[in-house]
């Protein structure tokens with residue numbers, strides 16, 4: 001144990017900062033650190049791709065990363081207008097006195113919603129098929145076999 005204490009040299013003194021990275025070192029260590037720090041700061045490091053490293057040495061092909069898809073434009077929300085219409089309808093309904101037996105007033109007209117397009121449905125014209133002459137109705141909707149017979153291999 002006493003032999004180890006003699007080999008360990010404890011440096012005392014002031015720590016000096018590195019000109020490049022700002023870390024502090026003892027003067028002897030700073031002489032060694034300076035050129036190494038200058039060399040590493042001049043290089044631009046590549047972005048690490050873990051999928052390429054995992055696939056290295058296997059049959060898995062390296063896949064290029066997908067670009068994120070742009071989000072579709074969001075429609076402006078009109079919840080506030082809908083809410084105000086709802087509140088107005090409720091207040092109008094509270095003001096009615098149903099005990100008198102009067103008729104209900106018509107509801108307030110709905111406001112125009114530019115986001116909603118109403119199309120009128122027009123059914124397609126039905127085409128009549130010529131009637132088949134003496135064709136017996138089929139009991140199944142499945143296609144019926146033709147006159148060709150099927151043979152099963154291996155059966156006697």
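Backbone N, Cα and C define each Cβ position, glycine as well.
Here TrEMBL flags 14-43 as domain 'C2HC/C3H-type'.
If you look up TrEMBL, you'll see 40-82 (among others) marked as region 'Disordered'.
Look at the compositional bias 'Basic and acidic residues' (47-57): DSSP puts its residues at 6 helix, 0 strand, 5 coil. Residues annotated as compositional bias 'Basic and acidic residues' in TrEMBL: 47-57.
If you look up TrEMBL, you'll see 97-116 (among others) marked as region 'Disordered'.
Per TrEMBL, the feature region 'Disordered' maps to 129-156 (among others).
The compositional bias 'Low complexity' annotation in TrEMBL covers 130-140.
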Helix, strand and coil totals (DSSP H, G, I; E, B; other) for the region 'Disordered' (40-82): 13 helix, 0 strand, 30 coil
